[in-house]
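Asker: Starting off with a structure, shown below.
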Amino acid sequence: MDRGAVVGFLLGVCVVSCLAGTPKTSWRRVSVGEDVSLLPAPGPTGRGPTQKLLWAVEPLDGCGPLHPSWXSLMPPKQVPETVVDAACMRAPVPLAMAYAPPAPSATGGLRTDFVWQERAAVVNRSLVIYGVRETDSGLYTLSVGDIKDPARQVASVVLVVQPAPVPTPPPTPADYDEDDNDEGEGEDESLAGTPASGTPRLPPPPAPPRSWPSAPEVSHVRGVTVRMETPEAILFSPGEAFSTNVSIHAIAHDDQTYTMDVVWLRFDVPTSCAEMRIYESCLYHPQLPECLSPADAPCAASTWTSRLAVRSYAGCSRTNPPPRCSAEAHMEPVPGLAWQAASVNLEFRDASPQHSGLYLCVVYVNDHIHAWGHITISTAAXYRNAVVEQPLPQRGADLAEPTHPHVGAPPHAPPTHGALRLGAVMGAALLLSVLGLSVWACMTCWRRRAWRAVKSRASGKGPTYIRVADSELYADWSSDSEGERDQVPWLAPPERPDSPSTNGSGFEILSPTAPSVYPRSDGHQSRRQLTTFGSGRPDRRYSQASDSSVFW
């Protein structure tokens, strides 16, 4: 068998074993330099004549001291667990593989075991590590499978390698006390059991190995925990039918109801990109300037404008978890794409290169991201790797005029409807303000002029000129008798002259002959001559005495 194929097979089995559950987990502490035997293989199950045994390890030497504690992840059941930071863990490493009973090889011999570590061996169907070191601390797993069936993980053990205890030095002559004989004579009988003179004083017994203090129980009492498993890539040939293999498990730790949204996003993968970068910080803060305009925009998955598909669950709780709670699904109309039954997976029918892209599956619980994963779906020829970046992307330069004559500037985004409406409202308000100010100024000026005219007339200072008709409207009122004036028919229209005036405007101006037109004196009113001019016949004069009340 080709060694590369064997290594690839073992790595695949190791990954599968790490993702699978661990039905049996134990803890073991050893000291540096010991020979350790781990994970004995179970007996034959009768499912096949030959079994594959795979031992692997996930190094935990960079995670600091570890100790188990009772955790209530699924109340009321309690299991021993430990909290390990994912940043300190390394990829699983295969240690050894064996066949039980030995299987025939392609060369005619028997395939027994393969070992990839110098200090590891398979002895009596168990993994043996000679002279363990502190760097050997980790999670060791055993996976068992038949020749034609995938391996399944059956046992695991957490191995913690502690420093070796300091050996006790043998006693030396300096440890003997020369004065023990003299002091022993006067001692009380109660000390008769003490060592006699000349006996070396033994050092105190070594302290027992330090035991890790029992940690308090770890229990999640509130919130929801979401666990997601997604394949990182799916390769297809045009015309095939396949579906995404996404597994989502939600565990509620209290009796509160919650809503869960499973959102699918899609990003195009340009052929000019060597790889796609997923900026995890932008998933939680998509409106940051760095996420809106990253420097590597064509090859970055930082922000999105639309959702490909959404399946929402409402009214979920600990006793009614998804998918049993009320569900509602929406999907953009894409040919050849549909939901896989009532699950959260996508189903591709008659797949084509247009379906290729980077797909993100994001789980929201009460509008907050709780888990997410990505899948690269493409043909083998157009496959591009996806890398997850923790920091924010570099911010791209602002859009500016092109510096090269043959390179066009990217088109500016059209203004939004909200900006247009805001501009129209502001313009209308400004125009109405200008019109209102103009009307107010005109009214103010007109009122001031009218007030000045009324005030000058009412003051009685200086002459006042009025316009009257040029006809003899008051010919019958020239009598000095007050009684005659009382008999004048006021409501009768005045008699118009026989021949209208042709030299004037039809009106006459009364010119006063004294500083005051109607001077007053005690007991009587004086009469003054009024001269008309500018109309009718210039040789005609009318002498008229009247009270000032005639004009005002």
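Keep in mind that glycine also has a Cβ here, set from the backbone N, Cα and C atoms.
Per Swiss-Prot, the features are:
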COMPBIAS  164-173  compositional bias 'Pro residues'
COMPBIAS  175-190  compositional bias 'Acidic residues'
COMPBIAS  201-211  compositional bias 'Pro residues'
COMPBIAS  405-415  compositional bias 'Low complexity'
COMPBIAS  543-552  compositional bias 'Polar residues'
DISULFID  Cys273-Cys299  disulfide bond
DISULFID  Cys282-Cys291  disulfide bond
DISULFID  Cys316-Cys325  disulfide bond
REGION    63-88  region 'Interaction with gI'
REGION    237-382  region 'Fc-binding'
REGION    478-486  region 'Acidic'
MOTIF     465-468  motif 'Internalization motif'
MOTIF     474-477  motif 'Internalization motif'
SIGNAL    1-20  signal peptide
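Each of these features: where is it, how hidden is it, and who are its neighbours?
Answerer: For the recorded site, Cys273 (disulfide bond), the DSSP three-state label reads coil.
Less than 8 angstroms from the CB of Cys282 (disulfide bond) sit Leu288, Glu290, Cys291, Ala301, Ser302, Thr303, Leu392, Pro393, each of them six or more residues away in the same chain.
Mapped onto three states, the DSSP output places Cys316 (disulfide bond) in strand. Around the Cβ of Cys316 (disulfide bond), a 10 Å sphere holds 23 further Cβ atoms from the protein chains shown.
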Asker: So, by DSSP, how many helix, strand and coil residues make up the region 'Fc-binding' (237-382)?
Answerer: 15 helix, 66 strand, 65 coil
Asker: List the residues of the same chain that sit at least 6 positions away from Cys325 (disulfide bond) in sequence and have their Cβ under 8 Å from its Cβ, in sequence order, or write 'none'.
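Answerer: Spatial neighbours, sequence-distant, of Cys325 (disulfide bond): Tyr313, Ala314, Gly315, Cys316, Ser317.
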Asker: For the disulfide-bonded residues Cys273, Cys299, which one has its C-beta crowded by the most other C-beta atoms within 10 angstroms?
Answerer: Cys299
